[in-house]
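Feature annotations, reproduced from TrEMBL:
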type     : residues                                                            : note
ACT_SITE : ASP252                                                              : active site, proton acceptor
BINDING  : GLY90, GLY92, ARG93, LYS113, ASP125, GLY126, ARG176, ARG183, ASP262 : ATP binding site
BINDING  : ASN253, ASP262                                                      : Mg(2+) binding site
Amino acid sequence: MSSWTSLRLSTRFASLPSAFYSQVSPTPLENSRFIAWNEPLALQLGFAPEAHLDAEIKQALSGDAIVSPCQPLAMKYAGHQFGVYNPDLGDGRGLLLGEITAQNGEVFDLHIKGAGLTPYSRMGDGRAVLRSTIREYLCSEAMSGLGIATTRALGMLVSDTPVYREKTEPGALLIRAATSHIRFGHFEHFFYTNQIDHLTLLADKVIEWYWPELSNQAKPYVAMFERIVDNTALMIAKWQAYGFAHGVMNTDNMSVLGQTFDYGPFAFLDDYEPSFICNHSDYQGRYAFDQQPRVALWNLSALAHALSPLIEHQDLEQALANYETLLGRYYSAQMRSKLGLVSAAPQDSELFDDMFTLLADNHTDYTRFFRALSSVDQDDTQAVIDLFIDRDRARAWLERYLARAALELNGAGELLSDEQRCLAMRKVNPKYILRNYLAQIAIDKAEQGDYSEVQHLAALLANPYDEQPSHDVYANLPPSWGKKMEISCSS
Ligand code: AMP
Ligand code: MG
C-alpha cells in the first residue's frame with residue numbers, strides 16, 4: 001500500500017501571493033468514511049491499489065487533518081452569475097490541498113469539496129450533501145468515459161455530520177482532481193479590483209503551468225486567450241453533440257482549460273428538446289440546452305474584458321470572432337462522426353437540419369437514436385423507425401441518410417461498408433449515459449446506506465461505448481417518473 005510520503009505532492013498555488021487565496025484548515029466531518037474510490041484514476045495519480053485504506057492518506061484526503069506538505073487553501077475568485085457580476089465569490093466549501101504529479105508527469109490539483117467554512121462561504125455552511133456529491137462523482141466520470149474534457153472524481157466520503165437543506169441530509173465530501181481549478185472568475189476578480197500585477201501574474205502562471213510552449217510566442221497573452229477560446233469551443237461542441245446540459249454556466253464555473261466544471265443541476269437530454277432547461281431556478285432559460293453555445297461566447301467576452309489590461313482590443317475581438325468558426329468546425333466534425341460520415345458534402349446541412357426537426361417533432365430519445373443508427377443497414381431499419389411516431393417521415397429521412405452514407409469511402413479508398421460505418425459510429429455514440437433517473441436510483445439507495453449502485457454505475461459509465469449485455473436495462477428509455485426530474489439546486 002502506498003504511503004502519503006511516496007506521492008509526488010507539491011504546493012505551487014500556495015506559493016502565489018496571499019491575494020490569490022486564504023489559508024483555511026478543513027473542518028473535519030464526523031466519522032467520515034469512503035464510499036467510492038476511483039482506483040483507475042488513483043493509479044494514474046501514483047497511488048498504490050487500495051491507498052484510501054491507509055490512515056494517513058485518508059486523513060489528508062478527507063480533511064480530517066492537514067498532512068504535510070499540503071497547505072489547504074480557499075481560492076479567491078469572482079464571477080458573473082446569471083449575467084450579474086458578483087465580487088464575493090471564492091471557494092466557499094472547497095479547499096485546494098495541493099498538487100500531485102501523475103505517473104505521466106501531468107500535474108493535477110487535489111481539491112476537497114464540502115470541507116467546511118471559508119472566508120468566502122457567505123451565507124453557506126461550507127458543506128456538500130450526499131446526493132449532489134454522488135451526482136458530481138458519477139457525472140464527471142461519465143464525461144471522462146465519453147471523452148469530454150472534465151474535472152475528475154478521485155473519491156467520495158459520507159459522514160455522520162448532518163447538513164440542513166430542505167431536509168436534513170448526510171454531509172459528504174468529494175475529492176476532485178483536475179489539471180486546473182482556475183476559472184474565468186479568477187481573472188475577473190483581479191480586473192475588477194484593479195490588481196493588475198496579480199492579473200498579469202495569473203496569466204503568466206496559466207501559461208507556465210498549462211501551456212509553457214506559448215511563452216515563446218510574440219504575444220503570449222493573446223495566444224493564451226486563443227487557447228481558452230479554442231478549448232471552450234471544443235467543450236461546447238461536445239456538450240451539444242452528446243446532449244449535455246450544464247445548467248449553471250456562470251463565469252465562476254468556467255474552467256480556463258475548457259473542462260466541464262462544477263456539476264450542479266446538469267442533465268443529459270432524454271427526448272431531443274433543444275430548449276430544454278435542466279436548472280429549475282433558471283426561470284428565463286438563460287442556460288437552456290440550445291443557449292449554451294451563445295452563453296459560452298458571452299462568458300468568453302466577460303473574460304476578454306477582464307484581460308483587456310493585458311491584450312489589445314483588436315486581438316481580443318479577433319480571438320472572440322474565431323469562436324463561432326471553431327465551434328462550427330468542431331460541432332460539424334462531431335456530428336459527422338456521429339452519423340458515420342467521413343467527408344463533408346453540400347447536402348449534409350439539410351440532412352442534419354431535417355434530422356433535428358424530426359427528432360424534436362417526435363420527442364425521440366437523443367442517445368438511443370444515435371445508438372440505433374449505429375447498427376442500421378439497408379436491410380434492417382426497423383430499430384430506428386420504431387423510435388418515431390411519424391414512421392413514414394422517419395423512413396424517408398433514413399433512406400436519404402443511407403444513400404448519403406453509401407457514398408463514403410474508407411481509408412483504402414473503397415466504398416465504406418455498413419459494417420465499417422457502424423463500427424466507427426459505435427465508438428462515438430454511447431450506449432450508456434448518466435440519465436438523471438439512474439443517478440436518482442443510486443442516490444436513493446445510498447441514502448439508505450447502500451452504495452453498491454453508485455459503484456455499479458461508475459463502472460458501467462467508464463465504458464459507455466461498449467456493449468455490456470448484462471446491463472442492457474441501463475440503456476432503456478427512462479420511466480415516466482424519470483423524465484424532466486426536478487433536481488434541487490441546493491447542493
Ligand atoms: P456553485 O453554485 O456551487 O457554483 O457555487 C457558487 C458559489 O457559492 C461559490 O463561491 C461556492 O463556493 C459557494 N457555495 C455553494 N454552496 C456553498 C455552501 N454550502 N457553503 C458555502 N459556500 C457555498
Ligand atoms: Mg461553482
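From the backbone N, Cα and C atoms, a Cβ is placed for every residue, glycine too.
Overlay of TrEMBL annotations on the structure.
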residue : record                       : DSSP class
GLY90   : ATP binding site             : strand
ASP125  : ATP binding site             : coil
ARG176  : ATP binding site             : strand
ASP252  : active site, proton acceptor : helix
ASP262  : ATP binding site             : coil
Distance between ARG93 (ATP binding site) and the residue listed as 'active site, proton acceptor' at the Cα atoms, whole Å?
14
Ranking the recorded positions ARG93, ASP125, ASP252, ASP262 by other Cβ atoms within 10 Å, which is at the bottom?
ASP125
Those binding-site residues in GLY90, ARG93, ASP125, ARG176 whose CB falls under 6 A of ligand 2, listed in sequence order:
none
Tell me which of the binding-site residues GLY90, ASP125, ARG176, ASP262 ends up closest to ASN253 (Mg(2+) binding site) in space, Cα to Cα.
ASP262
Close in space, distant in sequence - ARG176 (ATP binding site), Cβ under 8 Å, 6 or more apart:
GLY94, ASP109, LEU110, HIS111, ILE112, LYS113, GLU136, SER140, THR151, ARG152, ALA153, LEU154
What count of other C-beta atoms do you get within 10 angstroms of the C-beta of ASN253 (Mg(2+) binding site), across all chains shown?
20
Are any of GLY90, ASP125, ASP262 (the binding-site residues) within 10 Å of ASP252 (active site, proton acceptor) when you go C-alpha to C-alpha, and if so which?
GLY90, ASP262
Cβ-Cβ distance under 8 Å to GLY90 (ATP binding site), same chain, at least six residues away:
SER22, ALA74, MET75, LYS76, TYR77, ALA78, THR118, PRO119, TYR120
For a quick check of understanding: given the listed ATP-binding residues GLY90, GLY92, ARG93, LYS113, ASP125, GLY126, ARG176, ARG183, ASP262, what is the maximum Cα-Cα distance in angstrom, as an integer?
22
